[in-house]
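Trainee: Have a look at this one before I ask anything.
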Amino acid sequence: MGFRLAHLAACVARAAASSSRLRGPRPAASALVAPLLASPWEPSGGGQPHWLVPSRGHVGHSHHHHHGEEVGGEASERIFRLGLAADVVLTVGKAVTGYLSGSTAIAADAAHSLSDIVLSGVALLSYKAAKAPRDKEHPYGHGKFESLGALGISSMLLVTAGGIAWHAFDVLQGVMSSAPDIIGNVSHAHHSHGSSGHHHGIDLEHPILALSVTAFAISVKEGLYWITKRAGEKEGSGLMKANAWHHRSDAISSVVALLGVGGSILGVPYLDPLAGLVVSGMILKAGVHTGYESVLELVDAAVDPSLLQPIKETILQVDGVKGCHRLRGRKAGTSLYLDVHIEVYPFLSVSAAHDIGETVRHQIQKSHNQVAEVFIHIGSLQPLNQNAL
């Protein structure tokens, strides 16, 4: 009896093995249930919906995005350092030239360049602070330090403009009240009284020195303007753009100083203090403009619509997005923070709608490097909006 039972068990085992080979491997339970759970909007051929992206795609892109910011930040920092070094050289050159030639305009420009050293230092420190990584106390980063630095620069520009205007007006008043035959001597004696008691008339033996240094300053500052301007536009840095226009204002003020030197050499001394007044006016304008832009960023003013329109076009080009509204943004230094409402088909699954939102985020940060973060609210397409789309 035991032999028969063992023989029967062996036969059953061989039959089961043979049946398994004929049928092949049994499908997994998830494979049987998946077709029943598929969204009616997903393709039936088994392919991935064309609006979906792998979840790792956003993480990988985020790493690449920050790496690009790091490389661009190093290049921008070098530009700030270059501007600081140039300001030191120009300040020394203008101060020596103003001392030798006795030109009020060049002396005023030297004082302006001295303030430029401080301003360039503040700009560099503000930029480095703004590029510090996020931490627990600053979850949105340190971008506002750029705006604070620009506001500090504007305040110092206003003070510098006031000091130069006061000195130039004082000299001009002395020139206008002097007798015509001694107008040159009196004006420069008055200027020397404000310069620690040293008398500096217009030294006609050094006109070439005065003109050469001024022309050199114009060339250097104009070159710094273009370098800084292009870097600021590429990175979207308001601080760099303001610093670029500051370099441009320095170049123009040097042109005015050049006119003042020429007027003094030609025997028209009142052009010298008038040039100083024009320089102070240009510095005043730069300070007001920089301060206004900085305050707008600090109070989270609305971003220019011309900056948001390309981003909206990028959103509407994403497959699955059927509408876009309430696109808003605020700036924090070089970074732009956005929030937007998008509309999708009402019968999509939650995961499909989420993947569309991730695709929108991916495309925005891919096409617009200045965007640091996007908050996306996903809603269903309303029947009233279908005809409009």
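Placement of Cβ uses the backbone N, Cα and C atoms for every residue, glycine included.
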Trainee: Looking at Swiss-Prot, is Asp272 on the same side of the membrane as Arg78?
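Mentor: Swiss-Prot topology: Arg78, Asp272 on opposite sides of the membrane.
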Trainee: Relative to the transmembrane segment (251-271), which of 82-102, 105-125, 149-169, 207-227 accounts for the most Cβ pairs at distances under 8 Å?
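Mentor: Looking at each of 82-102, 105-125, 149-169, 207-227 in turn, the most contacts to the transmembrane segment (251-271) are made by 207-227.
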Trainee: What is the number of residues in the topological domain 'Vacuolar' (272-275) that are helix, strand and coil, as DSSP sees it?
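Mentor: Its residues fall into 4 helix, 0 strand, 0 coil.
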